[in-house]
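In what follows, a single structure is set out as structure tokens and then discussed.
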Amino acid sequence: MKVGCHASSSIHAPRPRQFGDKMSAVCCCAHCDFLSLGMQDDHRLSTSELEKKYGTSIDKGLSSARAAEILARDGPNALTPPKATPEIVKFLKQMIGGFSILLWIGAAFSWISFGIQLAQGVDSAFDNLYLGVVLALVVILTGIFAYYQEAKSTNIMASFSKMIPQQALVLRDAEKKELPADQLVVGDIVEIKGGDRIPADIRLIFTQGCKVDNSSLTGESEPQSRSCDFTHENPLETRNIAFYSTTCVEGTATGIVINTGDRTIIGRIASLASGVGNEKTPIAIEIEHFVYLVAGVAISIGVLFFIISVSMRYKILDSIIFLIGIIVANVPEGLLATVTVSLSLTAKRMAKKNCLVKNLEAVETLGSTSIICSDKTGTLTQNRMTVAHLWFDNQIYSADTSEDQTTQSFDQSSPSWAALSKIVTLCNRAEFRPGQENLPIMKRVVVGDASETALLKFSEVILGDVMNIRAQNKKVAEIPFNSTNKFQLSIHETDDPHDKRFLLVMKGAPERILERCSTIMINGKEEPLDSEKAEAFQTRGKMLNARAPWGRANPDVLSSFCHLYLPENEFPETFQFDTDSMNFPTSNLCFVGLLSMIDPPRSTVPDAVSKCRSAGIKVIMVTGDHPITAKAIAKSVGIISATSETVEDIAKRLNIPVEQVNRREATAAVVNGMELKEMSAEQLDEILREHAEIVFARTSPQQKLIIVEGCQRQGAVVAVTGDGVNDSPALKKADIGIAMGIAGSDAAKNAADMVLLDDNFASIVTGVEEGRLIFDNLKKTIAYTLTKNIAELCPFLIYIIASIPMPIGTITILFIDLGTDIIPSVALAYEKAESDIMNRRPRNKRRDRLVNEQLAVYSYLQIGIMQSVGAFVTYFTVYAEQGFLPSTLLGVRVDWESNAINDFEDSYGQQWTKYQRTYLQWTGYTAFFVSITIQQVADLIIRKTRRNSIFRQGLFRNKVIWVGIFSQIGIALILTYGLGHVTALNFTPLRFQYWFVAVPFAILIWVYDEIRKLLIRRYPGSWWDKNMYY
Amino acid sequence: MATLNEKKTCSERMADFRRFVWNPETKLFLGRSLINWVWISLYYVAFYVVMSGVFALSIYCLMRTINPYEPDYQDQLKSPGVTIRPDVYGSRGLQIYYNVSDNKTWEGLVTTLHTFLTAYTPAAQHLNINCTNNTYFIQETFDGPNKTKLSCKFTSDMLQNCSGITDPTFGYPEGKPCFIIKMNRIIKFYPGRGIAPRVNCTYVGEESRPLEVDYYPVNGTFNLHYFPYYGKKAQPSYSNPLVAVKFLNITKNVELKIVCKIIGAGITFDNVYDPYEGKVEFKLKIED
């Protein structure tokens, strides 16, 4: 078999890459050896040795039977997903997490008192049994709900990662077959072509112009050529091995599979990354803090009143029952479920905005982000070369670089442009993949390298149907680009049937083209290229360079174009061009024009960066690019703002050595990866502290990890974007790892907390906004929920102290917590931001707590007390109007609850049986319940804002709040009138007027809160503001 | 994902807590300066004073709307409850067990009856008038002293053999015990729609089995002139009319379930939830 190795052609000069260097970055060097050691010597072996080693044949491939054997031995060719927590453990965690443990204690107490009472033969013993069962049910149901929510969000992710099953072209039983890539085994002969993902680690045995993009492995987006030559001792650096999950950019290749699944290089790195443990997210810490707070309040009040009731000579059993009531009243049973729902609603909203959240809690983490370490390529830029500027006729023209260009608007009337466009079109080997005619030009897939693709798309946009133009100008000879001549040349017939001349077109690096030119085209006329004109060209070129300064770093993205019409007499139609002997002129050509290409920033990015800045988020660019390129992009997107200077800039401006510059004056810094290598942690800290605008250039992915750690040492919440496998440790280390959905590797997506579906930096900013909003809204939800807990608790306390008939039952409390209050508290998650939350600094995770003292105190001790007063007024009204005046009620508890008294006298001398009293007590429960519900409507409305007036926020902007209010009242109506005859639920059909007793208190709550907000707005920073703003 | 290490040792936590209680550097007590504590306390004192005021005002307004003579609603009092004396409650309702030969087992029961009837001595009833009409005693105006209404007299001697006057032991040692049945008071309740309601005692579930009972007053009726009741404020000296029942043929050493219902229009005894509405059920066991 012929083993052919062609150098690929491109106007890119392939820059030597330090592959090994990059690799070591992944795995802090101890693992380096492990990676290298793991590699076989396959790259050294000859083809026949390989055939022998793997028992395969290059012509026939493996037999199906043998392949099946190996598959059974090695397992499928797929990465083992990170070990998941067993479902049952996840489920049990939900059962004992949060408040569940308190409720279990409550249930246990209920059952204990049931046991005791049963032994004593008390009639009402079964009430406690039922209460215990209800509490256990509440825990189990909320646990199931939380588990279901979590499972649902995990499923979104799972479905995402299994999008397209990869196929591979395999030689088996001497036949070429399309097989799913996970069926590949060691020894298989696979064929790959441009655009394919490499299906396993492959030792190449035949290549043709093959180039691979190793960015998923090394983070380096420059394509590297692959051949079948053994070029380096290190298997990671030799050219004859292609790695799993990298992509073949162009050309074709055939190779033997040498590693599959987890044994591939990628697989080993992925298993390293999964070693970094997960810890708590900021919101998890906040919720834990809140649970501790509430549990602390519940337990201390419970114990306090247990002691009080025992010392007031209540029976121990009664005291235990009070304790259960106090716990149930204090625990917001529905709240954790509500928080989960709110977070998943936000996650859904973010998914719509292209942020796919893997871990629900990451939603809020993004909101508290204070530093974003962003990649350049693909995230800040469009990740495609685009023609940015043109120079012809001694003039610079700008081209449109936006993502969705359909036309170009610069002046195209000049005959020079006609000549230039022809060269651009003809001297280009890139082609569109067939069958994409209906797609927008910018979205079509091209076979060819980045700059040729850019030129092809550019000419397609302007001229239309490039392939047809090429067909009309038949190519007769071609010299592809190579690194020695640094130009590309082709000779074409012209499309003018009367013009029998051949057209020679050439493109290449400006200095190389210029030295081959003797004339220059100005307005369609050839003029001699004298030294004066050459000078002009030099300055123009510099100007072009200045406009597109990234060109300076990558000179290859500046392309010059020249042409020559070969005289008909010397080169007749039948002339045989020989590209080896070059029997045609390659000098004294006519210079036509110059094009510069860039990877342009995404159009939404500058806006997003400035939003980050006003939001107090530091954007740090981390890139593998050259510092000059990096700085230029940073400037163009605003990561380095127009007015700020680096130390070097100041040195240049003041014309002094860099060492003399006062480092504090420089707001910006561009740090080279080499410098970073030399730095101590303290020096890095200093840079991160002192400079507001930082760009890290020429960095390796391992350095990304160091940068992330540095930022975290500053106490920042760090978001990191990444796409390569090598980024996964940094993604794991970051507070929130963001993987790219399009360019990202599976390993990166696995390690990340969030996947950016459109790879766009601007989507992160919308994510931040959503994250901040949900933090604010969760505060509102919690404030709303905590308030009524006091109104549920006070009845127990007053009942114990004043011995009045029980104002509210434990079951009734559960109906509030898990019935009427659920939808309204979720509705608060839909609340719009009060002011521009992106003008605020990120929250300080140590100081700005979700539930702070002010929130708890204001909810518990002010609004909660007002609600209790309102509910008690209703309670006393009901009892008074039925015959028991408030004064009669005090101290009646023992007689009231006695089964032996069936002629209990009320304030009017009427006598009541036990059941008649109990029914009245249930009516009291219902009235108390209804008053809490009515006042919770007011509470819901005041919680819409924390600072602004409700009228400014608008009562009707958030329609879901109204759904909440109607559901709340609807559920209360159903419970009262629909289920009022089911005695077990302790509701009774309440007289309608009792619904309105608490209305004045609801209004009072609203007015009081408006006054609070008014004073906060009027006197910012005052005592009031400090104590009343939560 | 984030690695936020907030793990602290116990002693660190204690130190943090002590620092929180009293921070000597910033002079903060529980996170606030002393003057700040004074201010916040003053605010809360003021807040709670105002809230108490609001509560007091609400209750005051409530009391202003309340009629002192009768309640606004009697939603739960559609039909009167019935009680019995002596009343000894066991774990499953009324259980009256005694041994005729053992004084101690029934002396308590007898005492209960005597105590109960002290409210019905002529001395206790001297404020009430003698009524003879066998119709409802309707009083539109306040004819009594101090803007009250009149009440009819009910004295224990009306219970004849069960009055405790002729037989201070109420027939307990003979195995023929007296029980006193009382109907609960309900304001402006007209029992029986013009026909005097009466007490009827039977065995539970065996209505046909003869239970020999003497009713006092005759026929075991509550005379209509005791109704309607006008409330404590209008009739401060009102006392419920009573009916005494004396069981004559109680089988000894057997637990008997007896129910005494009040028969009369407007009095229901079929509420499954309320065992004492319109009837009273009890277990009786007399040993010898």
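Glycine too: its Cβ is placed from the backbone N, Cα and C atoms.
Annotation source TrEMBL lists domain 'Cation-transporting P-type ATPase N-terminal' at A:41-115. For A:96-117, A:129-148, A:290-314, A:320-343, A:782-802, A:808-830, A:855-878, A:922-941, A:961-980, A:992-1008, the entry in TrEMBL reads transmembrane segment.
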Winner by Cβ pairs under 8 Å against the transmembrane segment (A:808-830), considering only A:290-314, A:320-343, A:782-802, A:855-878, A:961-980: A:320-343
Averaged pLDDT, computed only over the residues in the domain 'Cation-transporting P-type ATPase N-terminal' (A:41-115): 83
In contact by Cβ distance (the transmembrane segment (A:922-941), the transmembrane segment (A:992-1008); 3 or more pairs under 8 Å): yes
For the transmembrane segment (A:96-117), distant same-chain residues with Cβ under 8 A (at least six beyond the ends): 124-126, 128-129, 131-133, 135-136, 138-139, 142-143, 287, 291, 294-295, 298-299, 317, 320-321, 323-324, 327-328, 331-333, 335-336
For the transmembrane segment (A:290-314): best-contacting stretch of A:129-148, A:320-343, A:855-878, by Cβ pairs under 8 Å: A:320-343
Contact set, same chain, for the transmembrane segment (A:320-343): CB under 8 Å, 6 or more residues outside the stretch: 98-99, 102-103, 105-106, 109-110, 112-113, 128, 131, 135, 138, 142, 145-146, 149-150, 283, 287, 291, 294-295, 297-299, 301-303, 305-306, 309, 314, 360-361, 363-364, 774, 777-778, 781-782, 785-786, 789, 792-793, 795-797, 799-800, 810, 813-814, 817-818, 821-822, 825-826, 828-829
Stretch with greatest number of CB pairs under 8 Å, the transmembrane segment (A:922-941) reference, A:129-148, A:782-802, A:855-878, A:961-980 candidates: A:855-878
Tally of DSSP helical, extended and coil residues in the domain 'Cation-transporting P-type ATPase N-terminal' (A:41-115): 45 helix, 1 strand, 29 coil
